[in-house]
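Visitor: Take a look at this one; I'll ask things after.
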Amino acid sequence: MTWSTSFLVATSLLSIINSVHAQLTGSVGPLTSVIDKAAVKTCNVCDYGASSDNTTGVGQPIIDAFTDCGSGGLIHVPEGDYLLKDWVSSENGSAWSIQLDGVLHWDSSPSAQSYIFAITGGSDSELSSSNATGAIQGSGYLYHRHNTYTSPRMLYISGVSDWTVHDLVLVNSPMPHFVIDGGYNGEAYNMAICGGDHGGLDGIDLYGGNIWIHLMVTNKDECVTSKTNSHNFLIENIYCNPSGGCAIGSLGSSVNVTNILYRNVYTWDSNQMMMIKTNGGLGNVSNIVFENFIGHGNVNSLDLDSYWSSMNAIDGVGIYYHNITIYNWTGTAIDGETRPPIRVICPEDMPCTEITLVQIDLLVEEGRYDEYYCAIACGGYCLDSATSTLTTYTTTTYGNSASTGYEAPTMADDLATAFGTTASIPTPTTPASFFPGVAPVSAVAGSS
């Protein structure tokens, strides 16, 4: 069901989108190239006692190599299989890189909730693979088959500036795969993150500033999720295959999320295409754009829920959501009658304003129609058209017809079934594209 807008609204929408397109505040990624770092010094972990026999521990050799190359140089893990049974933590490095061309296999013995691989502090850092086959295999199924989900996380970036992680595969983490905790001027791209079919196995959770993300996630929880104190993110060319879906939240008190663009997001067989989730709280979420979303077989599509029942209520009148644009969404929802494809529920005491929905084509797979359900907000579709103080209200509208020129292509790599939790997950190949008809911004390493 598509609703037309006036020329004034369309012009305003383009102005909003164009301003957000440029919202990265500067360059992202390392300040020096891998070639320049290698020219300073190269530390091969095999020279520090590592062996690609998947028996000898590689953790301490990586740590020792960082001692020599962490202040300028390249740490190289050659092709092969390596056993990782020690936490690897690198702190305050500068002008350094890890070239992971082999596969690190996590030993399931440590069960603490720490990080398998952590990069904290410092700047000009890079973790990558030169052939797109380098991987960290988390052996999560060894925990999950015993119903253990309080266990290690995989990759952690904290307090680092001018960094990148790319052309790397993260597989079967015991808990969340990739956490970016206060990273700045960073980029994660050309990655395949592949986890089990269970909650808590997040793809990427991030907060910080000036970050660019483009990659694929397979799991059953967060795909790429922005947290409190997130600013100036460009999250584009995202492939959730399948996943819990992308989100902002969950959000609590002292929330400040601004200048976030999700663009070219393809969501297959997931919980939602996009969710903003909180239950009470205080703060501000503004200048947000969700542009060019394609979805198929998803339980929910757009879900802004200010009373999300999966989190405990937090003190406060609610978060102020304003200047949020949802533009050009196509695809299908499983059952538009029982799960409204558009669901916008704002706080009763803090109505949303400037919520703009344009060109929404979400068709029903089961049932007779799509139901759009909105409450306490102004904008389009089922949102109130008022621009002044809103009184409490709810509205429901219906539809199930596509606009002229409707297109919602699928992807060749869409998984027919999700991975379970009790068997090993094979290391996937990074896909050739993360969104229909769009080539990666940078060519996948090793591709012709």
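The backbone N, Cα and C atoms fix where each Cβ goes, glycine too.
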Visitor: In Swiss-Prot's disulfide listing, Cys346 is paired with one of Cys352, Cys374. Which one?
Guide: Cys352
Visitor: If you have Swiss-Prot open, could you say which of Cys46, Cys69 makes the disulfide with Cys43?
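Guide: That record, Swiss-Prot, gives the partner as Cys69.
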Visitor: Need the cross-check against Swiss-Prot: the disulphide partner of Cys382, picked from Cys374, Cys378.
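Guide: Going by Swiss-Prot, Cys382 is disulfide-bonded to Cys374.
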Visitor: Quick one: which of Cys194, Cys240 does Swiss-Prot link to Cys223 by a disulfide?
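Guide: Answer per the record: Cys240.
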Visitor: Would you mind listing, in sequence order, the residues at least six apart from Asn284 (N-linked glycosylation site) in the same chain with a Cβ closer than 8 Å to its Cβ?
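Guide: The list for Asn284 (N-linked glycosylation site) reads Val255, Asn256, Val257, Thr258, Ile319, Tyr320, His322, given in order along the sequence.
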Visitor: Are there residues of the same chain, six or more positions away from Asp221 (active site, proton donor), whose CB falls under 8 angstroms from its CB, and which are they?
Guide: Gly195, His198, Gly199, Gly200, Leu201, Asp202, Gly203, Ser243, Gly244
Visitor: For Asn131 (N-linked glycosylation site) and Cys43 (disulfide bond), what Cα-Cα distance in Å is obtained after rounding to a whole number?
Guide: 18
Visitor: Near Cys352 (disulfide bond) in space, meaning Cα within 10 angstroms, which of the recorded positions do we find among Cys223, Asn323, Asn328?
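Guide: Those close enough are Asn323.
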